[in-house]
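Trainee: Found this in TrEMBL, in case it helps:
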DOMAIN    4-77  domain 'Cation-transporting P-type ATPase N-terminal'
TRANSMEM  50-75  transmembrane segment
TRANSMEM  81-97  transmembrane segment
TRANSMEM  244-264  transmembrane segment
TRANSMEM  270-295  transmembrane segment
TRANSMEM  688-713  transmembrane segment
TRANSMEM  765-784  transmembrane segment
TRANSMEM  826-847  transmembrane segment
TRANSMEM  859-875  transmembrane segment
Amino acid sequence: MNIRWYAKQPSEIFEEFSSDESGLSSEEAHKRLIEHGLNSLPELKVAGTFSIFFSQFLSPLIYILIAATAVVLFMGETADAVIIFLILVFNAIVGTIQEGKAQHTLLALRKFVETPASVLRDGKIMIVPDKEIVPGDVIILQEGDKIPADARLISVNSLRANEASLTGESVPAVKTIDTLGHIQIPAADQKNMVFKGTNIVSGNGKAVVIATGLATEIGKISKAIAAIDTEIPLKKNIRFLSRLIIITVFSIGTVIMIFGLATGESLRQMFATVVSLAVSIIPEGLPIVMTLVLASGVWRMTKRNVLVKKLQAVEALGQAKIIAVDKTGTLTKNEMALEKVYIDGKTFDIEGQGYEPKGRTLLEGVSVEPLDHPELVLAGRVASFCSNAQAMYVEEKNIWKVSGDPTEAALGVFGHKIGFRDGEWESPKIFELPFDYLTKYHLTIHKFENKNFLTAIGAPEKILELCDRVWRAKKSEKLSKAEKDELELVFFNMSRRGFRVLGFAVNPDAENTVINGNLPPLIFGGFFGMKDPLREEVKAAIEKAKQAGIRVVMITGDHKITARAIAEEAGLADGKDGVITGEELEKLSDEELSEKFGTCNVFARVTPEHKLRIIELFRKRGEVVAMTGDGVNDAPSLAAADLGVAMGKIGTEVAKEAADLVLLDDNFGSIISAVEEGRSIYKTIKKVVLYLFSTSIGEVLTISGAMFLGFPLPLLPAQIIWLNFVTDGFLDVSLAMEPREDGLLGSRYAKPARYILDSFAMKRMIFMGIIIALGALFMFMQYLDGNLEKALTMTLTTLAVFQWFNAWNCKSENKSVFSINPFRNVFLVGATIIVIGLQLLAVYHPFMQRFLHTVPLTAWEWVYAVSIAASILLLEEARKLLARTVFKKP
């Protein structure tokens, strides 16, 4: 039941929970703790080593190989079955080690700190662990407190809460106790509510708890994530390949079984033949090669500060067509910085990094000394007097952190940049009226030069309303209506550029009557323009994304004007592009909203439900979507996207748990680097799949061709295992170590195929498989009239040499193998030498001759086998030349 607590009077809520302003009794609180459970979210379940190990076998491709192992063992080929089994175990060990490392790294990011909460029990203030808070408790809220539960405010004193992690709003929310309407209101606008996981930045208050644990807003989101199950693209590819293999094995096996039995072959002989076919079709080395490719990608991503939680997530980024980003904390720093000061007709630019009190002051692009400009001195004094927050340097983390309201911290930092250090001692504060939801300004009076110096900062329209004069070069002049209109235009233009604008005013000799609530007319000073600055790397990263054919869209809970300004600054949108708000989104059907996706890259004032809907609609359009975020409000969409990317430093635990990747350094640019790595992995897997399946097709066509032509089996099961595990085993692993290609972030790689085996790869695979089969059958028939073992040996050797050449063919789609430096991949050079040596052993070593049923070959027979197998290299080179010259393929 969704109760609108914000629409209820505090008295109604107390009645609902059988509580009052003095809180619950300790006895009642204990009963409710038993009834409702601990006020905590389920902790991240840590899978044990055995659980991770056995999960490596949960793949359709692995199921097929396990079935093949059972059949081969049933046929009496124990050695072959053991080899397949050992390959599967090794594959699982590699996957377990890598995923175990990722899990431990993620756990290291979590901070299990028990947070205390102040609560009224038995009419007294008590400090209890936040997990023991229950519905009906009255909690005491102070500046700096982390809010322990969802609660309805019953008293406030200039209370402001940072709710960015839940709502996406970068500006602290001003709280009130006023009852709101009965209409549906998003969490960002529930001004009389506070929410678990957010924190108080200024002021104090009391609230009655209405929800704990999973019943809180953050709990509902956490629970929703568990119900979302999005399949990573690589899993779809593996399922597709597995289905293809099963259909192929069943179809060809059935046809050959029927044909053989019809032509008088025994059931046992035909069963052996079909098993041989099945073994030749199944690419036994594929699971381990894919695991090694992904693991090496994970290792390279870790060097770029990207933590990969699941191996298969690495490749998904390579296929991403859309990266959906949150604004606060992802595109921006989640720090409030004062960047502009407008005073006396002049606009000063204030430089600096975050909350560090250093930075130049510029006027019309030229650096100036602040103390040489009286107007800046006035602005700095006002900012310092109205700031109660502090910026502190945390040496062990090498960062500046804020204690208090970020807006006031930004004012204080600006005051320091101007030259004000210990203003409180020189000019003691004698009166203060904190910012209020109704008055919309913050007022202070300091003793300065033996006078009551009044300063006021607040909403620009409110400050202008309070002023009848304007500051002009050390004196004040009457503020005319026309000048007020001009100042409103200045304020409007600053707002349109994404600044949070505050007006400021002074009265250098205020009377004591102010303290009694009588506010005299003020002298208008100017405007402060604040921003949550764009991260340094964002603009370049988005430009790279565009070049790579990736569309970046912003989905934020912040206001429309702010969202548009940040999008334009980041290069996500220009003045022509539209911005869809949550309110507008509510009125659109899925079809109408999907149509607007073509022209809109910015979605503002959206709720977590809106974010989820947008992500799901993009996916319905066939887009592979990566979602980045750091807040609780991002978690459902992180889970629903094809790939979720969370921030490691500022990200909430809920976001990190929902994500597939975690940016350990919070660097947005790392996402684009990860895309490049993902595309490289996608290309490498495609090369390996092409190599293994073209080899499998060659073997299948060789065996089935011989069968239909009435010849004996040209390959024995042991020989197929040799080709698939030994020859292929070395070559496919070395092919998996191919260096990253150049230009992966170029437009030619912008639209990866939906499946690894796209139409071009299938055609190329069949083309190479037919060449291999024709060459092998030709060789088998050439020697069949003599010794059968000689024919088997020549067929085995010819197929092995075909594989040597084919591995080099698969290095590139269209580049000639002779134009690529062979030592660019020393692993392939080494593997080729090794498999040549192993084939010599297979032909000449007595033990291998008995195991593989081979006989020695003459030098001429080797030359003959190499000449026939070289046809695949020559024909592929001819195809590549045609592709480059006629079809202009790069």
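Just so you know, glycine gets a Cβ as well, placed from its N, Cα and C.
TrEMBL: automatically predicted annotations, no manual curation.
From a predicted model like this one, the values you see are computed outputs, not experimental measurements.
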Trainee: Give me the mean pLDDT over the domain 'Cation-transporting P-type ATPase N-terminal' (4-77), rounded to a whole number.
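Mentor: Across the domain 'Cation-transporting P-type ATPase N-terminal' (4-77), the average pLDDT comes out at 82.
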Trainee: The transmembrane segment (688-713) and the transmembrane segment (244-264): do they have three or more Cβ pairs under 8 Å, with pairs 6 or more apart in sequence?
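Mentor: Between the transmembrane segment (688-713) and the transmembrane segment (244-264), which are separate recorded stretches, there is contact, as judged by 3 or more close Cβ pairs.
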Trainee: Can you name the far-off residues of the same chain, 6+ from the ends of the transmembrane segment (270-295), with a Cβ under 8 Å from a Cβ of it?
Mentor: 56, 59, 61-62, 64-65, 68, 71-72, 75, 80, 84, 87-88, 90-91, 94-95, 98, 238, 241, 245, 248-249, 252-253, 256-257, 260-261, 311-312, 314-315, 681, 684-685, 688-689, 692-693, 695-696, 699-700, 703-704, 707, 713, 715-717, 720-721, 724-725, 728-729, 732-733, 735-736
Trainee: In the domain 'Cation-transporting P-type ATPase N-terminal' (4-77), how many residues does DSSP put in helix, strand and coil?
Mentor: 43 helix, 1 strand, 30 coil
